[in-house]
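J.: Just passing along the structure, written as structure tokens.
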Amino acid sequence: MKLHTLVSCLHDFPVVPKENPEITSIEADSRKVKEGSLFVCMKGYTVDSHDFAKQAAAQGAAAIVAERPIDVDVPVVLVKNTFRSLAVLADYFYGQPTHKLHLIGITGTNGKTTTSHIMDEIMRAHGHKTGLIGTINMKIGDETFEVKNTTPDALTLQQTFSKMVEQGVDSTVMEVSSHALDLGRVHGCDYDVAVFTNLTQDHLDYHKTMEEYKHAKGLLFAQLGNSYNHNREKYAVLNSDDNVTEEYMRSTAATVVTYGIDTTSDIMAKNIVMTSGGTTFTLVTPYESVNVTMKLIGKFNVYNVLAATAAGLVSGVKLETIIAVIKDLAGVPGRFEVVDGGQNYTVIVDYAHTPDSLENVLKTAKQFAKGDVYCIVGCGGDRDRTKRPIMASVATKYATHAIYTSDNPRSEDPAAILDDMVHGASGKNYEMIIDRKEAIHHAIAKAKADDIIIIAGKGHETYQIIGKEVHHFDDREVAKEAITGRLNNEE
């Protein structure tokens, strides 16, 4: 593709050189540049790839996209924002693949992963070959890949969509992070359905204020409907019980469908009953009301199911198909996942890493707990410090015993993170154990019959970041090891 043809998709008045070389690939990593590449420079948090433009040119780059003039011997296209330009260029270069997909985007603080997995199952049951992009993994049909970010970088994203189309995928569900929206990674993505789960405190190390965080999430809905395929109706699926929904309603040009429990909505759940074995409720839709029994536990999972149900219905899936999927749902790795080693107490691993998600998990555990509730929780280093005392407060409020421990301390002193947390502790029902493995073993050693242990924060993650080192660490493995060790000692 010729350079002038490619950059014609940019609408922010780029400064385009006279030269018009052939472009054979797009790269954002100078180490991957080869003959014919278009190298896009981006200023990140720690590295500014404008500094590698000469290296890219030396490796054969045919042209460079930058935010400032660069002294190189190849054509330079100047744009205002290279992050957003990369997304639009990649979409155009790969043939605008999302035009050929039914694309469902899910955003919100909590519930994105579970909702996306439920939605993937619903679309499969409807006969689609599906794609899935999310926190845990990426799927193309039945093939699974590891991921680094909730939402991949723009180039990887469009390459993935292109691969999905090539392999016959016709419906894709993806988690859309606030970072991806703010940085413009999803510019060029033609969403058919956008789903909002909820908005609670998180990522304030990046967004600084809740107002900025709310605005970033809202971009998915503000941009929905202002897109390419005007012959396809767009839908915004919004949680009526969240107080930002009215603002998102006003910002979108799409058709709005609501779901909720406490507020009158298009899709509702009533008569909710929870036990340790699952949840039953009445699913109320504009078409009919149906009694539903599912294995998933917790009010938060009812919200996830309602969101997926609404998205499924606007995607043309029959209600009976959706109900059948809900009844068979087995859960998502690291989301209220029970670790069973034959013990007489319950151990649950959950990704809860925000005050709201931790409160939801602990409230759910208390609803069916016959004994004490333990909560093992930490807060990430180099991340939002303001939520540390709040997390600690939630743990001591809802758990019988709270254990504060490490959770990816990164460059910070783990003891200092725990000190920040302790400021929010109410009461004396907590202890601090810096070593996460020791904390898990300690709780499991103390647990009595019918107690519940919640190991919060990591969920599906299999690593612990200490300094710049990434160590293997899986809460589920450590818990199973501790359970087995205790059982062996008791024999």
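Using the three backbone atoms N, Cα and C, a Cβ is placed for every residue, glycine included.
Pulled from Swiss-Prot, these are the listed features:
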type: BINDING; residues: G108, T109, N110, G111, K112, T113, T114; note: ATP binding site
type: MOD_RES; residues: K217; note: N6-carboxylysine
type: BINDING; residues: R383, D407, N408, P409, R410, G457, E461; note: meso-2,6-diaminopimelate binding site
type: MOTIF; residues: 407-410; note: motif 'Meso-diaminopimelate recognition motif'
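Give me the local environment of each listed feature.
T.: Using a 10 Å Cβ-Cβ cutoff, G111 (ATP binding site) registers 25 neighbours. In the three-state DSSP reading, G111 (ATP binding site) counts as coil.
Using a 10 Å Cβ-Cβ cutoff, K217 (N6-carboxylysine) registers 24 neighbours. Under the three-state DSSP scheme, K217 (N6-carboxylysine) falls in the helix class.
Under the DSSP three-state reduction, P409 (meso-2,6-diaminopimelate binding site) is assigned to coil, being neither helix nor strand. Within 10 Å of the C-beta atom of P409 (meso-2,6-diaminopimelate binding site) sit 23 other C-beta atoms, taking all shown protein chains into account.
Same-chain neighbours of the motif 'Meso-diaminopimelate recognition motif' (407-410): 353, 377-383, 417, 436, 457-458, 463-467, counting only residues six or more beyond its ends whose CB sits under 8 Å from a CB of the stretch.
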J.: T109, T113: which of these binding-site residues has the highest Cβ count within 10 Å of its own Cβ?
T.: T113
J.: Here the binding-site residues are R383, R410; which one has the lowest number of other Cβ atoms no more than 10 Å from its Cβ?
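T.: Looking at the binding-site residues R383, R410, the Cβ with the fewest others within 10 Å is that of R410.
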J.: Given N408 (meso-2,6-diaminopimelate binding site) and N110 (ATP binding site), what distance in Å do their CA atoms have, once rounded to a whole number?
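T.: Here the two Cα atoms lie 19 Å apart.
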J.: Suppose the ATP site is G108, T109, N110, G111, K112, T113, T114. Which further residues of the same chain have a Cβ inside 8 angstroms of that site's Cβ centroid?
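T.: Close Cβ neighbours, site residues excluded: I106, T115, E175, T197, N198, N304, S357.
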J.: Select one residue from D407, E461: among these binding-site residues, choose the one with the most other Cβ atoms within 10 Å of its Cβ.
T.: D407
J.: Other residues with Cβ within 8 Å of the Cβ centroid of R383, D407, N408, P409, R410, G457, E461 at the meso-2,6-diaminopimelate site?
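T.: For the meso-2,6-diaminopimelate site, the extra neighbours are G378, C379, G380, G381, S406, K458, Q464, I465.
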J.: Tell me the Cβ contacts of G108 (ATP binding site) under 8 Å, same chain only and six or more apart in sequence, or just say none.
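T.: The answer is V195, F196, T197, N198, L199, K217, N239.
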